Amino acid sequence: MGAASGQRGRWPLSPPLLMLSLLVLLLQPSPAPALDPGLQPGNFSPDEAGAQLFAESYNSSAEVVMFQSTVASWAHDTNITEENARRQEEAALVSQEFAEVWGKKAKELYESIWQNFTDSKLRRIIGSIRTLGPANLPLAQRQQYNSLLSNMSRIYSTGKVCFPNKTATCWSLDPELTNILASSRSYAKLLFAWEGWHDAVGIPLKPLYQDFTAISNEAYRQDDFSDTGAFWRSWYESPSFEESLEHIYHQLEPLYLNLHAYVRRALHRRYGDKYVNLRGPIPAHLLGDMWAQSWENIYDMVVPFPDKPNLDVTSTMVQKGWNATHMFRVSEEFFTSLGLSPMPPEFWAESMLEKPTDGREVVCHASAWDFYNRKDFRIKQCTRVTMEQLATVHHEMGHVQYYLQYKDLHVSLRRGANPGFHEAIGDVLALSVSTPAHLHKIGLLDHVTNDIESDINYLLKMALEKIAFLPFGYLVDQWRWGVFSGRTPPSRYNFDWWYLRTKYQGICPPVARNETHFDAGAKFHIPNVTPYIRYFVSFVLQFQFHQALCKEAGHQGPLHQCDIYQSAQAGAKLKQVLQAGCSRPWQEVLKDLVGSDALDAKALLEYFQPVSQWLEEQNQRNGEVLGWPENQWRPPLPDNYPEGIDLETDEAKADRFVEEYDRTAQVLLNEYAEANWQYNTNITIEGSKILLEKSTEVSNHTLKYGTRAKTFDVSNFQNSSIKRIIKKLQNLDRAVLPPKELEEYNQILLDMETTYSLSNICYTNGTCMPLEPDLTNMMATSRKYEELLWAWKSWRDKVGRAILPFFPKYVEFSNKIAKLNGYTDAGDSWRSLYESDNLEQDLEKLYQELQPLYLNLHAYVRRSLHRHYGSEYINLDGPIPAHLLGNMWAQTWSNIYDLVAPFPSAPNIDATEAMIKQGWTPRRIFKEADNFFTSLGLLPVPPEFWNKSMLEKPTDGREVVCHPSAWDFYNGKDFRIKQCTSVNMEDLVIAHHEMGHIQYFMQYKDLPVTFREGANPGFHEAIGDIMALSVSTPKHLYSLNLLSTEGSGYEYDINFLMKMALDKIAFIPFSYLIDQWRWRVFDGSITKENYNQEWWSLRLKYQGLCPPVPRSQGDFDPGSKFHVPANVPYVRYFVSFIIQFQFHEALCRAAGHTGPLHKCDIYQSKEAGKLLADAMKLGYSKPWPEAMKLITGQPNMSASAMMNYFKPLTEWLVTENRRHGETLGWPEYNWAPNTARAEGSTAESNRVNFLGLYLEPQQARVGQWVLLFLGVALLVATVGLAHRLYNIRNHHSLRRPHRGPQFGSEVELRHS
């Protein structure tokens, strides 16, 4: 009833077991139909002569009953309906009654004498008839038994697996699930099919199987068997049967272990460490078959020599138009070529050779049928045109040939010599059919290649079918015998099943299984009560048969090359075996054929000897572990399981898709960049319309290709670049929104950025000032408290309040985009760019490492401002008013250097005056930046840069976005900068920053467009700033003739480091808090009612700043910072400010610099340039730690280089602050300057000023309690900090920082 592929047929059983296998009844008991009196036993004498007449009478009656029962079973199995089940029930009950009356009669007449009969065939006949099996049971119990068989068969045959959340798409075992297991290489899809089938079928079968076991045992005990398993084993007529099998299994085990190790290695190459453990069992769903019993369907993954001709001829069969009928005709012709019988007309007229297309439910499991009328023999098979099925066809035709040859024997002898014989016959022929020589003869192989590599390919393919099956063929009945005997109780059904499967097969369940599952039931033979050890026996026998028949056919050479096609001698020898049926002991029949009466694995081992040796050599060469010592290992579940199962896993298709995306994206992104540039350099309504159109085109393209990207499962791709590109494309970003919402979102973004860019503030006389350059210059140069306050407040009142109405909807859309792309909120989406699960913790550690230096800088600057503005406006124990630090956002403080210079009499280190005096222009600034990069051996900017960039603010009246930005036009040659450059040292530094972006663009321009980004966003920000660290050194400014001296001495160094700290250290808390605020807005912990209050809470907490005038919830001060309305994440700048010092330290080392880090200038160092270029060339193609390692030699972000750079200044600040008795921090956190109090007193009488916010008294009281707690914590922290700094001072250095992430610099990145 089938061989190892799981597509197996029926073999003729003894009448009781035959009837058992035919019983399929309705759920509810019904009255038993009466047996026709003409079929009842008559009167016979109780002697051997009477027994002969009894046997003859039984034979004629049995043929009638068995024909009727088989017809009913056939009708049901080829059309599963309630009516057919009812008719089958009636026929089955008749069969049982027949077995009962004849069996009891045999016992009554011959029980004491039958074993002494002289006629051996008669002994076998009477012995068979007297075994009643289920017919021993009383009617009610018999009906219960039949009902269990019926329901188990129905559950298995109608089981389906439905696609998750799509009830309309359901898969049957055959062909859908079978095809998936055979052809899919998607780990998740295979898992879903495997788990779905085992759950759908196994779980409901368990209680039925438990009941079946109890009733079946009860029935066979009445026939003097200890349990059902003992009855099954009795067919093999050997008291040492189990021991013989164990001996044979151990003979074959080394070959299996070598095959297992080799296949496991191949699967590891495909699925990786995550899913395949080279020292563990193989997940059961990866081997090409639902039960991992034969592995030939994964031959393409394990083929030893893939350049040799393909031995899987499936594609040729399809190409040549083979169909099911033709496959059976080819098989028939093989049998007749041996002189065996052709199929009778009834076979072709009545068989079901394909799955019906008329909607009928059928039992697809392949099976061969004997109708016991000596002319009607059929096959039921849902045949698919594949090479594997061609072997199954020969297997089933082998059963039918057996039926034809023994059809004239007594019905009780119409069986194989033992059950394994019946399974072996068709497979013997399949061993010839599958040879390359035979495939060539039947037109399925163009030519036969006779060399060792082709032989190894062929033998490995055969081993995947034959050797892989052996432990499975052995263990199934090991488990059932344990169940029947009681050694395996129901509470351990599944545990023992998987114990055996791991022990013998070396496989494991791919998902957690427990005793609610019944995974044995997912195999046809368990619910259909078909013994399975026959297949193990047949796999040994068939090679013994093959060896003997090849000898008869005169074959010379290796056994695996033998083809007995057209050998009449072999056919005659085989016919003798078939015609004997089970009329003689199987040992005698075997000896007649092979010369030995014992099962023996020698012929099988001879057949596979070449590949056995090859596998051993391969495994030794690869250092494979034979076996699975880590037997408890289990694979994890895939991400997004089970939703992501129906995904494409073909890497070649993915490669073509990526190429298509890259080609089309470059064109579209170039067009979008042009439209965006036109708008940013000439803000008009017409330009905004064009930009929105192009933005929609980009979104549509992103949606189209992102949607296609989502159809790929990249988890097991071997090409890491394709994997990385597709994973990135799967994030659809804003394109995931429905068209109307996308249009609204784009409009909100455009409106917010336009509002920001076009805003200006006006005096009462009507004179108006834009942010660039007027307000920026005022904030940088004015030292008038009220003038600074007017500029600061007016900008926020004008811009922030105008942005606020858009912002809540922007947040809502941003979160919706993130969630639709699989993130928890927009903040989660932004953080994902850093590919770190610990990003927030790592950033916090870095911030904490730098906080002592910032607190010392803050205290020192506050003292200097107190000297200038007095105690009315500066509290030495409180926060600093935010408008006094030289910058609209107090993010960098270098513009107030003149107020805070440690040694004012030391030479000036600001090159602005010299630049103006020498007639520097914006173009000259960028030429010098370009020269710096080329001095390192890096690329010069192309001509397009100079022709198309906007390097200063236009004077033709155009409105432009002045915020500096670098642009990549995605054509490999057009790169531009947009900057309203002023001739000053700050803009010289910014120019180097922006040229850093351009250099990055040029270095990675040949990568796929998806990789044309920084390793992480902070990397892109850091590159230009690295150059600025060298450019800012007095040594380099002197080389540009911008300083009169290189400068030297302690005071000069401290002045220089102070100026750098006002840029770099002052910026750290600001760059950290902006996205702290936005992330909390996105996750909902900051609501729109508290936008401004929480903004100032963070600015107080991290920067130690307060608003100089009261702010209310009607204000929206975050919106006054470009990156907030422009939707540009900001933590990249924090990252870049950390990592630029790590890079600087590494490049200085490469340049051979010795001495303090702050004096290093890498100008003209080709070694430093190469180090940097190698990292930039990677773009986004590798995770950022790899790029970090290329430059610094290690993969982590760390503040140590930054601390090292500022070490002399840190020590000076600690000394200076101690000398003045400065407070570190701002314990009087609720203080506000007089301006705030004055304005606050004129406000509405029922509101009070709190932290510069204008709140209800109750709100303020709650806030005071919160801040009281913070104050106490800050006081404790301050005491600890003082102690820490004391220790630092004593040891002449700050503590080495904890290794963690890194950050970047303060200019908008526009290239994506």
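We count from 1, first residue shown onward.
Using the three backbone atoms N, Cα and C, a Cβ is placed for every residue, glycine included.
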Record feature N-linked glycosylation site (Swiss-Prot), assigned residue among Asn528, Asn947: Asn947
Correct range for region 'Juxtamembrane stalk' (source Swiss-Prot, candidates 212-253, 1220-1261): 1220-1261
Selected residue, Swiss-Prot feature phosphoserine, from candidates Ser120, Ser720, Ser1305: Ser1305
Binding-site annotation, Swiss-Prot, Zn(2+) 2: partner of His993, His997 in Glu959, Glu1021: Glu1021
Identity of the Zn(2+) 1-site residue among Glu388, Glu423 (reference: His395, His399, source: Swiss-Prot): Glu423
Proximal residue to His525 (active site, proton donor 1) among recorded positions Tyr236, Glu396, Arg534, Trp1095, Arg1099 (C-alpha distance): Arg534
Cβ-Cβ neighbours of Trp1095 (chloride 2 binding site) (radius 10 Å): 26
For Arg1132 (chloride 3 binding site), the one of Tyr236, Arg534, Arg796, Arg1099, His1123 that lies nearest, given that the recorded positions are compared by Cα: His1123
Beyond the site residues Arg796, Trp1095, Arg1099: chain residues whose C-beta lies within 8 Å of the centroid, for chloride 2: Ala882, Asn1092, Trp1096, Pro1107, Arg1111, Asp1117, Pro1118, Ser1120
Neighbour-count leader, CB within 10 A, active-site residues: Glu396, Glu994: Glu396
Per DSSP, three-state class assigned to Trp1095 (chloride 2 binding site): helix
Arithmetic mean of per-residue pLDDT over the domain 'Peptidase M2 1' (45-629): 95
Candidates Tyr236, Glu396, Arg534, Arg1099, His1123 (recorded positions) - the one closest to Tyr834 (chloride 3 binding site) by CA: His1123
Other C-beta atoms that fall within 10 angstroms of the C-beta of Tyr834 (chloride 3 binding site): 23
Length of the line joining the Cα atoms of His1123 (active site, proton donor 2) and Glu396 (active site, proton acceptor 1), in Å: 73
Nearest-integer angstrom distance between the alpha carbons (Cα) of Arg534 (chloride 1 binding site) and Glu396 (active site, proton acceptor 1): 15
DSSP-derived structure type at Arg534 (chloride 1 binding site), helix or strand or else coil: helix
Cα-Cα distance maximum in Å, computed over every pair in Arg796, Trp1095, Arg1099 that the record assigns to chloride 2: 15
